[in-house]
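Enquirer: One structure follows; several queries about it will come next.
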Amino acid sequence: MTSSCSLSRPQHLFFFFFLFVPFLSLGQQISVDINSAIWEFPSNPLCLSQQSNFAKSSQFSKNLDSLVSSIPSLKSNTYNFYSLSVGSISDQERVEAIGICNRVVNRVDCLNCIAQAAVNLTTMYCPQHRGAYVRATKCMFRYSDKPIFGKLETSPVLEAPNPSNATGDRNEFIRLQSELLNRLRSMAASGGSKRKYAQGTDPGSPPYTTFFGAVQCTPDLSEKDCNDCLSYGFSNATKGRVGIRWFCPSCNFQIESDLRFFLLDSEYEPDPKPGNDKVKIIIATVCSVIGFAIIAVFLYFFMTRNRRTAKQRHEGKDLEELMIKDAQLLQLDFDTIRLATNDFSRDNQLGEGGFGAVYKGVLDYGEEIAVKRLSMKSGQGDNEFINEVSLVAKLQHRNLVRLLGFCLQGEERILIYEFFKNTSLDHYIFDSNRRMILDWETRYRIISGVARGLLYLHEDSRFKIVHRDMKASNVLLDDAMNPKIADFGMAKLFDTDQTSQTRFTSKVAGTYGYMAPEYAMSGEFSVKTDVFSFGVLVLEIIKGKKNNWSPEEDSSLFLLSYVWKSWREGEVLNIVDPSLVETIGVSDEIMKCIHIGLLCVQENAESRPTMASVVVMLNANSFTLPRPSQPAFYSGDGESLSRDKNQINHIASLNDVTITEFDAR
């Protein structure tokens, strides 16, 4: 502690006494005090008018009282969903009830909220009604004398739209919001019988950069009923507002344009393990006494070392707290991820790189995820982990993959991404059969999307970033084959006004074949490093071959040299994938992309265009392109290329392998 916060010795004794006294309560059952919790409830009763009243002396009244009074003693669960009943199924006086909380509410608060909602509903809002429904800010409770488990109910409706109308293109605003909600609807509906919930973000419509959405159904519903309920809500809710919350008994949703009004998903604490309460109390008491004695004996040493330990705590700030505070991401425990990936089964493995393996996972409520488990042997686990969490979580663009969450437990470093069943571009473009799926329209869309994503990283995001590992395997494809740039483990952050400048590193990491010569040889990197990698990728997409490919007639030429030689000799057909030539020939658009690719892979970094120029060139119908100079590592007779290759053959083989730290020459 600093001098301004120091305590005298008597104060220390009282401080530590009161610090340890609370441990006496360890192991005791958590009591639910419905009077101490403060929740916001609607002032108007939501009694179901079609259901008649009951007499206070009736069996239904007794059953309802029994049900309500039992809620505080329920064992809380991590799913925040409770279904209760009193009375036999054939009994006309049977009461059925459902309580559910928002996903962001912790389980103890959830039970508090439902308990108070039940009391308010039966004593204040709808006394003696045989059916009623109430929605608080964090929970919902409903009961009925009719069967309600697994039954879709869309009435009554509560709607809370933001009073502000959207500005900009209203139709585009509504369309993009609908796309996000419909995507989340499918995810939530496919959840299990314990949770039907999904949340996510999508790029917004200017001037709104991001849309934040969350949808939820009571998990007793079938997949069809959940879909129908949310579809009904989407159709009937007020359109064109900057934010809205919509509720009915069976489902609810929220969509916002401002993160300040959107609660991110929280992680739940595990259920307490069963044990002997008396033993726990005895152990806690003994520990408290021993702890108090130790503190009293060594108080002097604590006080003298106080300033130093405070500094150490500050410098060694817990990485987990840093990730949660800075990134505001969903954090999952290791056991949840191990279950989702079938204990990291090889059948679930999607790929493997220099930093670890990627697995497909399915969470217990049905959401598919991609799990990147960083290798503890890579030597860069923490560095890559911090890079991806701190950078990617704050980036929002339709052509960048979204980081959903993370796990930090012991030595485990795990990143959780949105899952794409189409996997990555390299699975298509380098496969002779799958490549046929990629017509020119799709390939051009991929080229343009990657260009826009890199432009966002270099110039348009709040953080200016050089990716440093742009390649086909780091371009994921969504259901519509739109590209998403992935893997930011080696990305570097620049100051806003420094993206045009050059930096140096003594530890070069990346994939040979995509590396710019100045980066591979001397560790020099800038935005032009990514431009070079993009140019290689463009030529791979057009030719349908890896950058280490050689023609049968001349094994000394690799892709860049072959393209340059064919371009200079006017043999453009040699540069284009035969499947494209058969369908559309060599169009002006293909010629333009070849030209842009060659401009990007020029040996001189200053001659390469910026990504802003690339995007302009791709979108322009008539644009005079500058003449490209020869690409890096080119030699017509192959000698220069061989010499350059031998000079850096310690980096990696010509295979598409990401390599980690090595000293640049």
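Placed from the backbone N, Cα and C atoms, the Cβ positions cover glycine too.
These came from Swiss-Prot, pasted as-is:
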type	residues	note
SIGNAL	1-27	signal peptide
DOMAIN	42-148	domain 'Gnk2-homologous 1'
TOPO_DOM	302-665	topological domain 'Cytoplasmic'
BINDING	LEU350, GLY351, GLU352, GLY353, GLY354, PHE355, GLY356, ALA357, VAL358, LYS372	ATP binding site
MOD_RES	TYR417	phosphotyrosine
MOD_RES	SER473	phosphoserine
MOD_RES	THR511	phosphothreonine
MOD_RES	TYR519	phosphotyrosine
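I'm curious about the neighbourhood of these features; can you describe it?
Expert: Under DSSP, residues within the domain 'Gnk2-homologous 1' (42-148) fall into helix, strand and coil as 34 helix, 27 strand, 46 coil.
DSSP assigns LEU350 (ATP binding site) to a strand segment in the three-state reduction. Within 10 Å of the Cβ of LEU350 (ATP binding site) there are 17 other Cβ atoms, across all protein chains.
Around TYR417 (phosphotyrosine), the C-beta neighbours below 8 angstroms that are at least 6 residues distant in the chain are ILE369, ALA370, VAL371, LYS372, VAL401, ARG402, LEU403, LEU404, ALA486. Under DSSP, TYR417 (phosphotyrosine) is assigned to a strand (E or B) in the three-state scheme.
Following the DSSP three-state reduction, the secondary structure of THR511 (phosphothreonine) is strand.
Taking all protein chains in view, 27 other C-beta atoms sit within 10 angstroms of the C-beta of TYR519 (phosphotyrosine).
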Enquirer: Between SER473 (phosphoserine) and GLU352 (ATP binding site), how far is it from one CA atom to the other, in Å?
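Expert: Between the Cα atoms of SER473 (phosphoserine) and GLU352 (ATP binding site), the distance comes to 10 Å.
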Enquirer: Whole-number Å distance between the CA of THR511 (phosphothreonine) and the CA of VAL358 (ATP binding site)?
Expert: 18
Enquirer: Find, among the recorded positions listed as GLU352, THR511, the one whose Cβ has the highest number of other Cβ atoms within 10 Å in the structure shown.
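Expert: In terms of Cβ crowding, the pick is THR511.
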Enquirer: Under a three-state reduction of DSSP output, how is VAL358 (ATP binding site) classified: helix, strand, or coil?
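Expert: For VAL358 (ATP binding site) - judged by DSSP and reduced to three states - the answer is strand.
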Enquirer: Averaging the per-residue pLDDT over the topological domain 'Cytoplasmic' (302-665), what integer do you get?
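Expert: Here the predicted model's pLDDT, averaged over the topological domain 'Cytoplasmic' (302-665), is 79.
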Enquirer: Inside 10 Å of the Cβ of SER473 (phosphoserine), count up the other Cβ atoms and send me the figure.
Expert: 20
Enquirer: Express the distance between the Cα positions of VAL358 (ATP binding site) and TYR519 (phosphotyrosine) as a whole number of Å.
Expert: 27
